[in-house]
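Trainee: One structure, as structure tokens, below. Some questions next.
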Amino acid sequence: MEKNPCDQMKHGEEEKHLTTKLGGLKTMPFVISTETFEKVASFGLHANMILYLINEYHMSNAKGANVLFLWSAISNFMPILGAFLSDSFLGRFRVIALGTFVSLLGMSLLWLTAALPQARPPQCNGLATESCASPKAAQLALLFSSFALMSIGAGGIRPCALAFGADQLYNPSNPENKRVLQSFFNWYYASVGLSLMVSVTVIVYIQDAAGWVIGYGVPAGLMFLSTVMFLLGSPLYIKLMPDKSLFTSFAQVMVAAWHNKHLALPAMESDPGIWYYHKGSKLIAPTQKLRFLNKACMIGNPEKDIDMDGKAINPWNLCTVKQVEELKALIKVLPIWSSGIMIAVSISQHSFPVLQARVMDRHLIPGGLQIPAGSFGVFAMITLTIWVATYDQIIVPLLSKFTKRSRGFSLKERMGMGLAISCVATAVAAMVESKRRATAIRQGLGDKPHGMVHMSGMWLVPQYSLIGLAEGLNAIGQIEFYYSQFPKSMASIGVALFALGMAVGNLVGSLIVGAVDKLTSKGGKQSWVSNNLNMGHYDYYYWILTILSVINVFFYLICCWAFGSSDNKNKIVWDEEEGTEDELELELGDHAKGVASPIVFTH
């Protein structure tokens, strides 16, 4: 297969590992510390944010939850844009550098909203939220600008950090290269997991104990350290130039199919010579599914479409069979992908449980340590981490004895189990909230929404643990399922699909909260998601999520039936064994397939 300029550039970069002192283990302190500080800083701001919006900006519970849903949606969407910019135009180093700077700017603006009294509406201690002064447009603009900048910054850091670190260690001439990369991956995931644990415990504790100025100042300081550490390592980094993005490839297929719409598709048993493919490719003819896309790789006029070297003159008018099949593979998984939107809604229920925990007894033991209301999410992380750590090593060997399959549960079974457990999680949340509300009313706290309810906050642990287990089954199952259907060169698309599902899930979550608030407050009635938890019916809200989740399980079963078997005999044989893909991308794909974690991709 002939080398294109990008291939030649990459081989030049491989030589750089051998002939210069760039890259290597000396860059790891800069790379890993950058990611660690960024994770602690950014995720530490999410856990308690609902309390900041309600107490300082006098938002209603429903509006505050909607703002956070939308913020999370943008934060999950931006990495897709960041990956595209990195792959197609700027390269990983520039995108990460811009991302750290923009995140620092966003966190600094958020800190200013806490430090400057003029940036917030006046305090109204002791009054109901409805009686407090609303924030001015300029005050909201400053707050929302900080959210937007942090989302943009995350879009630059999250999709590139792991691959950029691997760039520094990739040395194909070193026989120990695979072991070195595996060691880096392990340290990377360990540092991210530890960072999130610290953020949801230590940072939240600082916010509760020392107030918002210090509580937001510490993350801003950590983000400053992250930016400085990354830039200090700049002279040592290997900085690969951007290559063509898969998103560009997909766009080329759609444009080419439209451009060639006048061509008549041949019979199924046609001469493979009418299809365009690279020399040495195993994909010499497209499949018969989604046949309208086959026109993108159909040679209409060899003299006008193909140059003297056998390459397409215009890649926007003629694509390879492989490009067409890659887009088909993406389209084929979209129905199953859509079934993950509802569980994304359940996973993203961070705001209301914090409000519940705030009025419950959060002591681990009577008179002992009190858990901050925003820190209960750590139980979901612990459950998810335990599941990830034990599934391959303990659970799979036990299951394989009964299922006679080397991987225990199939990927579809794991995704379906995750969806089913998410139904249980929201049902448990509904029952716990019903008990909390009933207890509050028995105590005479119906009109005292901030009164402490004589009920342990540990009642919230089961729903967090169940949602962590559901995430471990469905989210990781989703990502591995995408990898099983795509060539390894599309590993980043699997991550992008999951992130997009989380983004859409957050949008849907915002719509559900808005609809429940509007419909249940008609005629002057008390909204189910009222500012007064004891007079509202948050248990009914959770039951709505449960019903929608149950419907989604049946939708998923239909999607699985329509998708058909995913046995190896029905899979496309891609070109990876022929050396047509970049080796480092294959290493990243192999690793991500084995230990894919939504902790890394979505937080």
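From the backbone N, Cα and C atoms, a Cβ is placed for every residue, glycine too.
Okay, these came from TrEMBL:
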TRANSMEM  67-85  transmembrane segment
TRANSMEM  91-112  transmembrane segment
TRANSMEM  186-206  transmembrane segment
TRANSMEM  213-238  transmembrane segment
TRANSMEM  376-395  transmembrane segment
TRANSMEM  415-432  transmembrane segment
TRANSMEM  493-516  transmembrane segment
TRANSMEM  540-563  transmembrane segment
Trainee: Would the transmembrane segment (213-238) and the transmembrane segment (91-112) count as touching if the test is at least 3 Cβ pairs under 8 Å, pairs 6 or more apart?
Mentor: yes
Trainee: Using a cut-off of under 8 Å between C-beta atoms, tell me which stretch among 67-85, 186-206, 493-516, 540-563 contacts the transmembrane segment (415-432) the most.
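Mentor: If we count Cβ pairs closer than 8 Å to the transmembrane segment (415-432), 540-563 scores highest.
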Trainee: Is the transmembrane segment (540-563) close to the transmembrane segment (493-516), in the sense of at least 3 CB pairs under 8 angstroms with a sequence gap of 6 or more?
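Mentor: The transmembrane segment (540-563) and the transmembrane segment (493-516): touching, yes.
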Trainee: Under 8 Å between C-beta atoms and at least six residues away from its ends: which parts of the chain pack against the transmembrane segment (67-85)?
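Mentor: Sequence-remote neighbours of the transmembrane segment (67-85) are 46, 49-50, 53, 59, 95, 99, 147-148, 150-152, 154-160, 245, 247, 348, 350-351, 492, 496, 499-500, 502-504, 506-507, 509-510, 513, 602.
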